[in-house]
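Have a look at the structure below before the remarks.
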Amino acid sequence: MVLKTQTCRFSGLRIYPGKGVLFIRVDGQQFLFLKQKCRSLFIQRKRPAKLAWTTLYRKQHRKDQEAQVARKKRRNVTKAATRSVAGASLEVIQKKKSEKPEARKASREAALREIKERAKKAKADKAVQKQQAKASGAGKAVKNMPKGAGKGGAKSTGR
């Protein structure tokens, strides 16, 4: 048979069925105390943390420690694992790690040179296209023209 116990609002000790003192405050809040001593001390506004026999005092002064000794602190050890990244596989990453700094520098410079050449070529192509557009002259677009204007320029909207 299991007994439903309640805890004392002052001392924190267990109150068995049929025991205890119920104190109802003016605002309707109920307080259940183990004995008249707890009720009296509560009404006197004594602090349970300063009385050595209450559970709050024992908890604050670390008196019941044998139950907590059983638990040991565990540290999570993080393992550094090398994984493949979105663009490169694991083998490529390992290969880049193992290559010498001189080789790495040379490959970097070659890549930069290639990017610069590509940019120069794109610029030259753009200049050629601009020259061709200027030479033809027919495909000249008029800027800042209203949407419904057409060839004749700005017309009234009929307002």
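Glycine too: its Cβ is placed from the backbone N, Cα and C atoms.
Annotation source TrEMBL lists domain 'TRASH' at 8-46. Across the domain 'TRASH' (8-46), DSSP helix (H, G, I), strand (E, B) and coil residues number 8 helix, 10 strand, 21 coil.
Taken from TrEMBL, the feature region 'Disordered' applies to 63-83 (among others).
If you look up TrEMBL, you'll see 92-111 (among others) marked as region 'Disordered'. Note on the region 'Disordered' (92-111): residues 82, 84-85 of its chain, located 6 or more positions outside it, place their CB under 8 angstroms from a CB of the stretch.
According to TrEMBL, the feature compositional bias 'Basic and acidic residues' maps to 93-111 (among others).
The feature region 'Disordered' is assigned by TrEMBL to 116-159 (among others).
Using a Cβ-Cβ cut-off under 8 Å and counting only residues 6 or more beyond its ends in the same chain, the compositional bias 'Basic and acidic residues' (116-128) has no close neighbours at all. What TrEMBL records for 116-128 (among others) is compositional bias 'Basic and acidic residues'.
Per TrEMBL, compositional bias 'Low complexity' is recorded for 129-143.
Sequence annotations record features per position, and here TrEMBL assigns compositional bias 'Gly residues' to 149-159.
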